[in-house]
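Contents: one structure, followed by commentary.
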Amino acid sequence: MNPDLDTGHNTSAPAHWGELKNANFTGPNQTSSNSTLPQLDITRAISVGLVLGAFILFAIVGNILVILSVACNRHLRTPTNYFIVNLAMADLLLSFTVLPFSAALEVLGYWVLGRIFCDIWAAVDVLCCTASILSLCAISIDRYIGVRYSLQYPTLVTRRKAILALLSVWVLSTVISIGPLLGWKEPAPNDDKECGVTEEPFYALFSSLGSFYIPLAVILVMYCRVYIVAKRTTKNLEAGVMKEMSNSKELTLRIHSKNFHEDTLSSTKAKGHNPRSSIAVKLFKFSREKKAAKTLGIVVGMFILCWLPFFIALPLGSLFSTLKPPDAVFKVVFWLGYFNSCLNPIIYPCSSKEFKRAFVRILGCQCRGRGRRRRRRRRRLGGCAYTYRPWTRGGSLERSQSRKDSLDDSGSCLSGSQRTLPSASPSPGYLGRGAPPPVELCAFPEWKAPGALLSLPAPEPPGRRGRHDSGPLFTFKLLTEPESPGTDGGASNGGCEAAADVANGQPGFKSNMPLAPGQF
């Protein structure tokens, strides 16, 4: 797609892929011959080559990172991300097979690889651009289903259906791009140093509609509907949550004077019936789908901003010579469309924390499988280690867990940052007898306890407390949960849960506080 195209003849072909014809000319209506070549400006060639080379390299590396992020992280292997990978593959193919030759044509000013390769190169250009926008069209439909039917989405959009949709994208792209290779084009020019896509009017109209304008209309309609549904659903879910919260009589923190057994029974009954659970599930799933729709909306918006100027300027310049933009402006518009290929790898980590973490792991050469082996070893050794220090101010329950799920070489205690949770102060009688050193509870290999509960004995009336000071201050049991497949890091893998029931030096006080790894 060389912007130095002679558009003196009236044609409806918006030759929007590949370098356009008459690339090696010095005036608007001059064409070169086999014996005349433009003189190469070395300084300009080096500067333009470095800029375009850096751009192409960034596009290649960025799209490879997107593909590896989904391939190496099981929790990212969702139907939506399959469409993102397909988009990255189209951009990567464009960066490998089209952009280097477009840059060479821009630097040299003429085509050097012959007529046959010119036709193949132009067809691949059409193929990649069409696959990109059809992938965005499939993404917009997927996001509408995800927002409109958030609870039914896993059954409506399965992995098999997503793969079939991706195959359809490439089949349609091939049908649109293969026409010139089968003879649907105007006669080839005599000069092999001229290279461009066909300007045959019917093919130009067919390719323009099928590759850009019809998919663009579908994308805009889908995202308008996504916005309307998201706005209405958000209002309904928020109203439902507020209503359930006003009708609910459950309290997370209960202050009462009943004994520990009665309160435990009431807590168990409360867990069995939660009127807000269905609303919470709907709100969580919908918010997740809406966030994904926002990220992909940015991708679609940038695609339109990059390609729309080109698809407006080129047809108008081809049909009406007076509306043709200056060569410098047209070159900027032309490369702006190609620039879209390196934008998506920037958008994903900036809009998605999951992609950002995946990019960091890949760039840091961190093996995902090695992290899973470490977590399995941690679970075999007991999961989490707790330390109770009764004579600190207010007392504290300290939890030691590595943020990267790592164990020290000795296999005794888990390494990592210390997390503290306020607990109860010990009784004066306990301190008066001379308190023992802090109890260090470490994850030894022989621990095989199936449950977890850290609790203090039920508070006694003030008159009888002194008789029971010789009893244990608390009891401890350990729990490890199986790793949920497809989760990342330590936020929900394995993990530990504990309920701390503390006396706090006051009779009748109780606090239930669940602990989850990474949530303090």
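Along the chain as shown, the residues are counted starting at 1.
Any Cβ shown, glycine's included, is placed from N, Cα and C.
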Membrane-side pairing of Thr198 with Leu323, Swiss-Prot annotation: yes
Cys118: disulphide-bonded cysteine as recorded in Swiss-Prot, out of Cys72, Cys195, Cys224, Cys306: Cys195
Distance [Cα-Cα, Å, rounded] between Cys195 (disulfide bond) and Cys365 (S-palmitoyl cysteine): 42
Stretch-level contact, the transmembrane segment (46-70) and the transmembrane segment (162-184), CB cutoff 8 A, at least 3 pairs: no
Highest-contact recorded stretch vs the transmembrane segment (296-319), from 84-105, 162-184, 202-224, 327-351, CB pairs under 8 Å: 327-351
Other parts of the chain folded back onto the transmembrane segment (84-105), taken as Cβ under 8 Å at six or more residues beyond its ends: 1-2, 18-19, 23, 48-49, 52-53, 55-56, 59-60, 63-64, 66-67, 70-71, 111-113, 121, 124-125, 127-129, 131-132, 135-136, 138-139, 166, 169, 195, 296, 299, 338, 340-342, 344-345, 348
Stretch-averaged pLDDT - the motif 'Nuclear localization signal' (368-380): 57
